[in-house]
Amino acid sequence: MAKKNTVTGSKIKRKRQDESPEVSESEEIDVQGLIDDEASEDSEDEVESEDQVFENSDADSDEELNNLIGEEEDVSDVDSEDFSDELQDDSNSITDKLTNVRIRTSSQSSNENVHGLFADGTERIIKPEIEPVYDSDDSDHENFNTIGNIPLSAYEEMPHIGYDINGKRIMRPAKGSALDQLLESIDLPEGWTGLLDQNTGSSLKLTDEELELIRKIQHNENTDDNINPYEPTIEWFTSKTEVMPLTAVPEPKRRFVPSKHEAKRIMKIVRAIRDGRIVPPEKRKEQQDEEQYNFDLWDDNTDEPNEHIMNLRAPKLPPPTNEESYNPPEEYLMTEEERKKWEETDPSERETNFIPQKYGSLRKVPAYQENLRERFERSLDLYLAPRVRHNKLNIDPDSLIPDLPSPKDLRPFPIKCSTIFQGHIGRVRTLSIDPSGLWLATGGDDGTVRVWEILTGRQVYHCDVVDKKKDDDNIDSLEWNPDASVGILAVAAGESVYLLVPTILGYEIENAGRSKIEVGWGYDTYGNKNKRGDLNVNGEEDNESGANEVKKEVTKWLTPMEGQSQQGIAAIIQCRKAVKNLSWHRKGDYFVTVSPDSGNTSVLIHQLSKHLSQSPFRKSKGIIVDAKFHPFKPQLFVASQRSIKIYDLSQQVLTKKLMPGARYLSGIDIHPRGDHLLASSYDKRVLWHDLDLSNTPYKTLRYHEKAVRNIKFHKGRLPLFASASDDGSVHVFHGTVYDDLMTNPLLVPLKKLTGHKVVHSLGVLDLVWHPKEAWLFTAGADGTARLWTT
């Protein structure tokens with residue numbers, strides 16, 4: 001029967017081929033060509049004619065089929081209506097597909113049909129293979145409007161909305177009146193989206209198919225009609241339980257006899273246990289416990305994880321930044337000034353340990369020279385810095401902040417710069433205020449001493465202490481005599497100390513000062529030439545007991561030359577080494593000088609009335625940096641690099657030794673009450689010592705960014721102190737000392753004064769308070785002195 005069907009099918013196809021109209025090469029289908037409106041009308045006529053031909057050919061084929069069936073087969077075997085229906089359905093499906101397709105013709109043939117045969121002998125049409133070229137993919141199909149990513153809002157004021165592929169304008173579609181637009185916004189049409197079509201400029205609406213797809217997605221319905229959710233299940237296993245076995249073969253004898261093969265395998269395991277190749281779990285645990293205490297000290301076994309709770313992993317290195325790129329942005333590259341500053345900075349103080357560089361490509365980047373050193377330092381950090389686990393403390397942060405009064409309630413204190421004293425060439429290293437508070441004396445690298453009137457800022461006195469053409473010494477320290485009736489100014493420059501009496505103080509003060517200095521010349525001539533040591537600076541009369549041994553002459557008191565005498569220099573003290581600091585006793589007859597390079601004669605005490613100089617120490621441990629007298633006790637404070645010693649001059653004994661904990665002290669100052677001391681250091685610290693409390697600092701203040709050069713208490717009744725640093729700033733503090741020994745001093749930061757420029761890593765070099773007012777004078781490396789007032 002199947003053979004007959006195939007025969008009839010082949011005959012029907014041959015008949016159709018004979019009756020089908022011939023198609024010329026010029027009318028073959030080509031969907032790639034573009035046609036105009038007239039060609040489209042012709043193509044529609046051709047489609048209609050082709051539909052009629054298809055219908056006629058189908059009718060003729062049905063009649064011929066019925067005749068063939070009647071000749072070869074019976075009606076009971078094959079139903080001719082089935083064949084006719086199938087053919088009719090096929091024809092209808094083809095016509096339905098062709099009715100909605102616009103067929104375009106071209107002059108050249110692009111699709112040639114090749115006829116062949118199936119395996120059963122039927123003919124087949126061999127179509128050309130589709131070449132997967134770029135033109136066959138329309139995923140990146142260009143839009144009709146070629147404006148790209150430009151928004152349509154850019155064309156709102158223009159009559160067109162863009163341009164097509166040929167550069168012609170795409171005109172904007174006509175819009176309705178304002179009433180129509182209002183009605184459309186109220187009554188939304190079906191398929192309304194509120195979007196604009198970029199190709200046409202009109203509102204974008206959804207089709208019925210898209211609306212139906214959205215409805216199915218909202219209702220969780222099946223979006224593909226070809227999928228049947230109710231397909232019949234395939235029962236791979238039957239649900240019926242079989243009672244009888246599929247086979248009733250009796251069990252063989254080998255099922256009930258021990259297996260020889262298993263016996264061999266068991267004996268093999270037994271021999272392994274006897275030989276020790278297989279260890280039972282109990283013995284294995286015992287061996288592991290024994291091996292736990294036996295390990296190789298030099299074994300590099302890093303595979304075993306050590307996940308103990310107290311083991312802390314090494315911190316990870318921070319990720320590289322843009323500065324470390326081989327092609328960093330321009331703003332990360334250093335300028336010539338920044339590069340020079342980076343090279344002059346100490347390696348420990350540099351922000352980065354490399355200079356950002358830019359290369360054209362990665363292959364041009366050379367080897368990193370500091371890689372080995374950085375790895376070594378990383379290893380040292382991990383080896384020498386043990387990691388410690390700290391438990392977090394549940395402490396209220398507000399309780400850690402001291403309850404300090406407001407700075408507004410602690411006025412007066414300096415807040416602004418009122419006067420700038422400018423006249424020195426180079427750095428201004430030191431300055432001092434006379435006891436009356438009217439005159440300011442400054443000394444600098446130019447070797448001159450200048451006296452300024454404080455109220456007007458006018459220079460009233462000038463003295464060339466050092467001749468820069470012959471000597472390179474600088475004026476390192478100067479200080480007025482605390483006795484306002486004499487007007488003596490002591491100046492330390494190089495290895496000499498000059499005693500000046502400025503000619504601006506009036507005849508009486510100038511005469512009293514010169515007379516006090518000249519009295520010493522007579523004692524030096526007719527007095528004790530052996531210059532016995534006398535450390536009792538508070539005594540009214542000399543103690544000439546023979547217990548003190550005669551000391552060698554450590555200084556020379558010289559008379560000035562005529563030119564120096566005309567400038568106001570009354571006496572010159574020649575020392576062995578350069579003098580860096582000097583300080584007067586409160587009575588004005590003694591002053592102490594410090595020469596750090598002079599060894600055991602680093603500290604010298606000079607007596608003005610007798611022209612005597614003596615060294616109170618036979619040996620000196622360490623480098624002496626500063627020395628001060630106690631405000632009212634016969635005590636001398638001597639500061640070395642790391643310690644501060646307090647000597648009793650009347651008993652000539654060491655009374656106390658303070659350990660500030662700093663690496664290199666720069667200066668000290670004593671509170672007017674005498675029971676507190678301030679020390680400054682080059683490692684950015686300010687240390688407050690309570691002399692009645694302990695040898696260690698009561699407070700250590702770290703607020704400066706660079707070395708602290710000097711620190712001073714206010715000598716009047718104001719509880720103020722200030723510190724000067726190389727960062728160019730001056731910090732003013734309020735420090736109240738109470739009579740009650742059980743109450744700690746009150747330290748409150750008040751103001752940070754900035755105005756001096758940092759020159760060659762040097763900022764503010766010295767400072768001094770006004771004896772009566774809350775005024776502060778500072779000397780900077782920028783060649784100026786400044787007055788800070790309230």
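Each Cβ is built from the backbone N, Cα and C atoms, and glycine gets one as well.
The region 'Disordered' annotation in Swiss-Prot covers 1-93.
If you look up Swiss-Prot, you'll see 255-371 marked as region 'Required for interaction with NOP7'.
Nonlocal intrachain contacts for the region 'Required for interaction with YTM1' (371-407), taken as residues 6+ away from its ends with a CB within less than 8 angstroms of a stretch CB, comprise 310, 312, 314, 317, 353, 413, 734, 746, 748-751. The region 'Required for interaction with YTM1' annotation in Swiss-Prot covers 371-407.
For the repeat 'WD 1' (423-462), the model's average pLDDT works out to 94. If you look up Swiss-Prot, you'll see 423-462 marked as repeat 'WD 1'.
Across the repeat 'WD 4' (619-657), DSSP classifies residues as 0 helix, 22 strand, 17 coil. The repeat 'WD 4' annotation in Swiss-Prot covers 619-657.
Sequence-remote contacts of a segment are chain residues at least 6 beyond its ends whose Cβ falls under 8 Å from one of its Cβ atoms, and for the repeat 'WD 7' (759-790) they are 411-422, 424-433, 435-437, 440, 442, 444, 452, 454, 457, 706, 709-710, 712-716, 718, 720, 722-730, 732, 753. Annotated repeat 'WD 7' per Swiss-Prot: 759-790, in sequence order.
Remote same-chain partners of the repeat 'WD 1' (423-462), defined as residues 6 or more beyond its termini with a Cβ less than 8 Å from a stretch Cβ, comprise 468, 471, 473-484, 487, 489, 491, 493, 500, 502-505, 568, 759, 762, 765-773, 777-785, 787. Under DSSP, the residues of the repeat 'WD 1' (423-462) split into helix, strand and coil as follows: 0 helix, 22 strand, 18 coil. Per DSSP, the secondary structure of the region 'Required for interaction with NOP7' (255-371) breaks down as 50 helix, 0 strand, 67 coil.
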